[in-house]
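Chemist: Would you mind keeping the following structure in view while I ask a few things?
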Amino acid sequence: MDKSTLKKISWQQKWGKIQAKHVKLLVLIAALFYAIYNTFDGYLMQKQLPDTSDPYVKILTYLTLGGIYGTLLQSLLSFTPLGTVVDSNHKKDSMKELLTLGNIVTGAVAGLLAASATALYLWGNLNYDPAIMTALAGCTVFFVILIEVLFEHANFKTMLKPAGFVFAGTFLIVIVGMDKESIRLKDIVLVIVVILFARNLLSAIEEVLSKKGVLKTNATSFSVLRFFWLAVFGVLGALFYTLATDQFGEYLQTLAKAITNIKTMLYITLTMTLVFLGQGWKQYAKKSEGVSVSMVIMLFSVSVFFGLIATVIANELVTGGYKTVPMSTLSWIARIVGTLVLFQGINLATKIHYK
């Protein structure tokens, strides 16, 4: 081997040791990235993407553009040093591992679930502020725990207490922390049904399934495969809906406007880069020894705190602000207290030893 190859191997080995030693820290950083790119998503959906006569066309436009462009960008990034930064076991030829039938099927199912969950999440981003959406997504952990208890033989009692804190904190942030002047009761019921249950159930199944895919390959390669299938099913869903409702022309026009808008594409590029790192590190954590998917998702719930800060900052910078951002002091107090309760759940989650 030449010196450059040896140097590269040495760098990968050193980074691999750092990753293995600081898995929980990587999840917390991933949560920060998630909060930031979710704030970007909210900005894109509410302020940047062209308006459409049917809001679902706007959602499907971003799902299409984000899926295709995100797949291309993440594929490119996987061949750069960032691919190894996500997972030290990733090599440039690692993508070949994805070409087995088992990996393709796992990736396809995960991608289908992710596309469905993302579409519901984008609906939320269009109608509610990023802090609320991040908090609601944190409740995915309940469905993950249920799945792991039923199928992975996880200890329910061990995870119940931290999960309870996560739920209580989320309840304070979402229900009490919503400004009643900007949102109606039926909106709260709708967001609970669509996001808290439908989206989070799909997401939980996908989170657990993705662990199997990551174990067979690596976090970088599987993340790209998952995103490829997300794009495929996102495009198919968009085509089916717009053709069935005779809105295909508007869908194409909206896509064209978004693609030719430099500011829009810049935000999407930043978003997808953060997705590559954030989702990649979350996937990496799932395959680490002594770590369950439930623990990863509970740690990832710190994104609620980051989302709160990101929303406050972005709301000051965005002209007109986000929808449903509370103005009353009581609502903000509820969100802050809820975040502290959530942190206690995360603290308890870090003490779980999973076998």
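Backbone N, Cα and C atoms are what each Cβ position is placed from, and that goes for glycine too.
Pulled from TrEMBL, these are the listed features:
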- 21-40: transmembrane segment (TRANSMEM)
- 60-86: transmembrane segment (TRANSMEM)
- 98-124: transmembrane segment (TRANSMEM)
- 130-151: transmembrane segment (TRANSMEM)
- 158-177: transmembrane segment (TRANSMEM)
- 183-202: transmembrane segment (TRANSMEM)
- 223-244: transmembrane segment (TRANSMEM)
- 264-281: transmembrane segment (TRANSMEM)
- 293-312: transmembrane segment (TRANSMEM)
- 332-350: transmembrane segment (TRANSMEM)
Chemist: Quick check for me: are there 3+ Cβ pairs below 8 Å between the transmembrane segment (158-177) and the transmembrane segment (60-86), leaving out pairs under 6 residues apart?
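Modeler: When sequence-distant Cβ pairs are counted, the transmembrane segment (60-86) does not touch the transmembrane segment (158-177), since fewer than 3 lie under 8 Å.
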Chemist: Can you name the far-off residues of the same chain, 6+ from the ends of the transmembrane segment (293-312), with a Cβ under 8 Å from a Cβ of it?
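Modeler: Distal contacts: 24, 27-28, 30-32, 34-36, 38-39, 42, 129-131, 133-135, 137-138, 140-141, 144-145, 148, 152, 154, 159, 162-163, 166, 169-170, 173, 207-208, 211, 282, 285-286, 322, 325, 335-336, 338-339, 342-343, 345-346, 349-350, 352, 354.
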Chemist: Report, as numbers and ranges, every residue of the chain located at least six residues beyond the transmembrane segment (98-124) whose Cβ falls under 8 Å of a Cβ in that stretch; write 'none' if there are none.
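Modeler: Cβ under 8 Å, 6 or more out: 41, 45, 55-56, 59-60, 62-63, 67, 132-133, 136-137, 191, 194-195, 198-200, 202-203, 205-206, 209-210, 212-213, 216-217, 221-222, 224-234, 237.
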